[in-house]
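Shown next, in structure tokens, is the structure this report addresses.
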Amino acid sequence: MSAIGEASRVWLHHALRSLDVDVRATYGGGGVNFIAGAHGASLLAAANAIDAKIVFCTARHEPAHVARDAATAAFLEARGIALVTLPGHLLWDPRALKIDMRREKYFFGTLMPFVHAAETSGGKVAAPTPAPSAALCVDLEGADLGADASVRLTSLDDLGVSPRFPPGRDWSSGIRDEWDISERGANEVWASFTRRGLPEYEAEHGRADAVAPAASTSRMSPYLRFGQISPRAMYHDLKRADGKRVSRLFWHRVHRREFAYWQLANWPDMGTKSIRRHYDRRADWIPDPTRDAASAEILRRWREGRTGFPAVDAGMRRLWTTGWMHQTERMLCATFLCDYLNVHWVHGARWFHDTLVDADLAINAMMWQNAGKSGLDQWDVFSGSLAPDGSKPCRAHDPLGDAIVTRVPELAGLPRGHLRHRPWDASDAVLEASGVVIRGAGEDGAYPERMLPGVGDVDGAGREDARARMISGVNDARRAELARAAAAAKAASPRHPAAAACAPPAIFEPPRIATAPASSSGTRPPCGKPAGRSDPRTSGRLSGARRRRAAARRRGLSSASPRAGSPRVAPLSVASGPPPSRSRRGIRSRSPRPTC
């Protein structure tokens, strides 16, 4: 999944066109030179044409690009030209960051250990370098590009960056209408957010409607993805605005982008393969949609936004039209695909990669791995704002349903409020008066019936059934993996069979873990926590059903075993809601501390 997606190709094409215009207007000359040909050969031809001995570029981090750039560097070096890569895409080198778990009281996979490591050992983030007021721009038109006939000057249009559209079917018009794809556009959006949105971000970040657009999201992701604004510039603008105090959540969002690349550096194949490989064998996954017609139909209705759940459908249709989704919508739609429709996360990741203008391998993979329970921060969001059933907490991000009817016009006739989220609750009289028809899969202008009829019922039984099915699938896969890991540990260390199974990731600097045989009498198991005892940090604060749900999460989803041949992944608790949450003492994870 390293090839650029179709929506990203549209963005890249227009970003390059804007860059060409800006270079011509600022520095004169011939603007940007576009060369067709092999990567190394094209750079060699351009360098030789202007007698350059050093080529500078921004370091790339996707595995395929890392390998390609290394090959290009070797190709140029053999011909007397140095390729120098600079860290312009990230704030810190992900390969240089180590997390000391002896200090951290959090558990592996949450953001805060990474934030501490980045801010204490990542090094000072250099201030951005202003663009030069003057520069020598060389027009290669007519220059000698060497004897390689495959290397030639071309135009942006002929380079083939943008997809080709059949007549009358240019689906990119919605993307072009939605965005100013330029460096100027990036700076204007960022200035507006830091001035108006940042102070209200803590309160409004979950809103996906039009009530608080400036505060609910920065909309900077595609500009960062394509280098139209520097992450260093954003970082220092936030520091000047006291952003860490004004919005700790947004400050951590900046770090979460870096965290995604740290994960990619340690699990280079995470874009297509589960970090916790045993979750690929979950019994609750439906058959592969690429090989099964029924599964393919389920995936198709999700892609097209015809699931019968308005919040999900609005998000998926916004994605197709504009190439972008609010973070709340991304998490909601990903959770629905994995936990309700039981489709393997990789199929959702592929669709997002192809349709998002900000499609970023590291960030997209991190989110989808978490949705599929194979990532470092496993999601368990069957209630609250990310439930798809239109319950009251779910309606918080779009209370009146205005965002829904913007993308789902079939429901526009319904009165503002909960019926736009739950049209199945409307009486026949209301539906008839509103001109709303709910039928089948949404044929002939009707809105589709729910793909999962029980999900959304008043008693919540359908949602609980879906969660029970997910937990069963996760636990079955986990038990099989733990049995395999225990057998391997016993063979490797007969005296202390649990030591290997509970070891933290090798990429950390781990504390020493005292080991002792577990027993059923309440004595301490290898990780030093009494067996069967609830977490005191949650048991004293929760009551009734919430305490029982927290205990069930710890029993069912709090341990994992790493796959062989990869960095060890410490066990995690599943976050019971979109992390992080607020407390009087700041941001912290909702999940109880794991037992091992």
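Backbone N, Cα and C define each Cβ position, glycine as well.
Those TrEMBL annotations? Automatic predictions, nothing curated.
What TrEMBL says about this one:
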type	residues	note
BINDING	Y201, T217, S218, R219, M220, S221, F250, D358, A359, D360	FAD binding site
COMPBIAS	544-556	compositional bias 'Basic residues'
COMPBIAS	557-568	compositional bias 'Low complexity'
COMPBIAS	582-596	compositional bias 'Basic residues'
DOMAIN	1-91	domain 'Photolyase/cryptochrome alpha/beta'
REGION	511-596	region 'Disordered'
SITE	W285	site 'Electron transfer via tryptophanyl radical'
SITE	W345	site 'Electron transfer via tryptophanyl radical'
SITE	W368	site 'Electron transfer via tryptophanyl radical'
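If you count neighbouring Cβ atoms within 10 Å for each of the recorded positions Y201, W285, W345, W368, the highest count belongs to W368. Each of the binding-site residues M220, A359 was scored by how many other Cβ atoms lie within 10 Å of its Cβ, and the smallest score goes to M220.
The recorded sites listed here (W285, W345, W368) include no residue with a Cα within 10 A of the Cα of A359 (FAD binding site). Listed in sequence order, L198, Y201, H205, S218, L238, G243 are the same-chain residues at least 6 apart in sequence whose CB falls under 8 Å from the CB of F250 (FAD binding site). Using Cα positions, the member of the recorded sites W285, W345, W368 nearest to M220 (FAD binding site) is identified as W368. In the three-state DSSP scheme, W345 (site 'Electron transfer via tryptophanyl radical') falls into the helix class.
W345 (site 'Electron transfer via tryptophanyl radical') sits 6 Å from W368 (site 'Electron transfer via tryptophanyl radical'), taking the CA atoms of both as reference points. There are 22 other CB atoms within 10 A of the CB of S218 (FAD binding site), with all protein chains counted. Site extent for FAD: the farthest pair of Cα atoms among Y201, T217, S218, R219, M220, S221, F250, D358, A359, D360 sits 23 Å apart.
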